[in-house]
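Chemist: One structure follows; several queries about it will come next.
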Amino acid sequence: MNKNTWVIGFTLFAMFFGAGNLIFPPNLGLDSGQFFWPAILAFVLTGIGLPLLGVIVGALDKEGYIGALNKISPKFSILFLIIIYLTIGPLFAIPRTASTSFEMTITPIIHSNSSIALFIFTIIYFIVVLYICLNPSKLIDRIGSLLTPLLLITILAMIIKAYLDFSGNSAGKGNEALYHSNFSSFAEGFTQGYLTMDAIAAIAFSMIVVNAVKLTGITKTNQIFKQTLTAGLIAAIALIFIYISLGYIGNHMPVSDMKLNELKSHDRNIGTYLLTTMASTGFGSFGKYLLGIIVALACLTTACGLIVAVSEYFHRIVPKVSYKAFVLVFILMSFIIANQGLNAVISMSIPVLSIVYPVAITVVLLILIAKFIPTKRITQQIPVIIVFILSIFSVISKLGWLKINFIESLPLRAYSLEWFPVAIIATILGYLVGIFVKQDPIKYQQE
């Protein structure tokens, strides 16, 4: 394993390790109570396992996901990737990095969620993002060689001290309405992993990793695949350690019901409160500055990776508009949405993610299956269409816009996983239909 692989792996870790990766694990730990392990393992599965798979699958075709999705349908490829890039880009994920940075660096100092302070902070934040992203060829070096080691050192310092401070406590009772059995806790942890957005971000980051590997002089698809896999494993191991550590500490932190109600009444995110408490308990007044460094680095690296990925994709499909113009447009969009506040951004993203995630997971698994089992285009199209339609109606029913009894009666509906058995059945149906349709098996392009 050479130095370039380590740098690419650390860069991938830093791009994945953003806002959600900090605030969701301790919150999950607090809520899961006595059922911490099934919850955190499921969270790791969707928060790390699926993203790792997503990055690796993107290296199966020399054109990445663009080429692989074109095998399903060229029109679907464009539509799906536009939705993916906007979701992980200026509509939700990038604004969340800015609003999380504000809540965890500025709010503890000024003791207020001032809209004016948020406005000023996001201006400075996105100016820094703009500077880094205007030259994407240096992104890997700037993040992997400089920012990631600094991020790892600071996060490790906080985790070790917080573990010593709180590991002696027993686990709290948690949210017993959601976490009341091993299965319910696993299902809840699985769906909570959606909120990191990493499984769909992997589709974008895969292209950055593959291009970075190619820049090292590797051109053969099988070698690119191996290097991408190795870099992905480096990122995954680091993320697993941090997720479980933050979750375990959150699980053992004493937080009263009165305090939780107070946080909710002031529209404070509970995950950010837990992290702030970890830092201040371990390092006193210096703790909030240490945490500020961690958050700023984590969110900044993710925002830069996303801006570059989104801008490069849109420049590719609309070459008449320059890459730099897209960078400016998406940063402006992110700035506007970030000023709605962290909780508002998270709330807005949940319905969209509930539609996009099942389709994204289905697509990634179908591409992987097609690598090893002869698969026709119709075989992939059927489950994708069915899961997409089901996800839309599931969200409509869950929001109460229209109660759909059929949706509510599906297996695993209570855990928001009703799409999974349907996806399996639809895939089997796709293979059966494929027997009667004259199409050549899908073959992914090699160098």
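Using N, Cα and C of the backbone, Cβ positions are placed for all residues, glycine too.
Since we're looking at a predicted model, the values are computed, not measured.
Annotated transmembrane segment per Swiss-Prot: 6-26, 40-60, 74-94, 114-134, 143-163, 193-213, 229-249, 290-310, 326-346, 350-370, 382-402, 417-437, in sequence order, evidence recorded as sequence analysis.
How buried are these features, and what lies next to them?
Modeler: With a cut-off of 8 Å between Cβ atoms, the residues of this chain six or more beyond the transmembrane segment (6-26) that come close are 40, 43, 47, 51, 55, 93, 96-97, 99-101, 104, 139-141, 143-145, 147-149, 151-152, 192, 195-198, 201-202, 205, 208-209, 212-213, 227, 230-235, 238-239, 242-244, 246-247, 249-250, 253, 269, 271-272, 274-275, 278, 294-295, 297-299, 301-306.
Sequence-distant contacts of the transmembrane segment (143-163) (same chain, at least 6 residues past either end, Cβ-Cβ under 8 Å): 6-11, 13-15, 17, 238, 242, 245-246, 248-249, 278-279, 281-283, 287, 290-291, 293-294, 297-298, 300-301, 304-305.
With a cut-off of 8 Å between Cβ atoms, the residues of this chain six or more beyond the transmembrane segment (350-370) that come close are 50, 53-54, 57, 60, 68-69, 71-72, 80, 83-84, 87, 91-92, 194-195, 197, 199-200, 202-203, 379-380, 383-384, 387-388, 390-392, 394-395, 398-399, 416, 419-420, 423, 427, 441-442, 444.
Remote same-chain partners of the transmembrane segment (417-437), defined as residues 6 or more beyond its termini with a Cβ less than 8 Å from a stretch Cβ, comprise 187, 190-191, 358, 361-362, 365-366, 369, 375-376, 378-383, 386-387, 390-391, 394, 407, 410-411.
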Chemist: Okay, the transmembrane segment (193-213) and the transmembrane segment (290-310): do they have at least three CB pairs under 8 Å, pairs separated by 6 or more?
Modeler: yes
Chemist: For the transmembrane segment (193-213), find every same-chain residue at least 6 residues outside the stretch whose CB is under 8 Å from a CB in it, and list them.
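Modeler: Result: 8, 11-12, 15-16, 20-21, 24, 42-48, 50-59, 64-65, 81, 84-85, 87-88, 92-93, 139-140, 224, 227-228, 231-232, 305-306, 308-310, 312-313, 346, 349-350, 353-354, 356-357, 360-361, 364.
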Chemist: Mind checking which residues reach the transmembrane segment (40-60)? Cβ under 8 Å, same chain, six or more beyond either end.
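Modeler: Same-chain contacts beyond the ends: 12, 16, 21, 24-25, 28-29, 32, 68, 185-194, 196, 198-203, 205-207, 209-210, 221, 224-225, 228-229, 231-233, 235-236, 239-240, 243-244, 247-248, 360-361, 364, 367-368, 371, 444.
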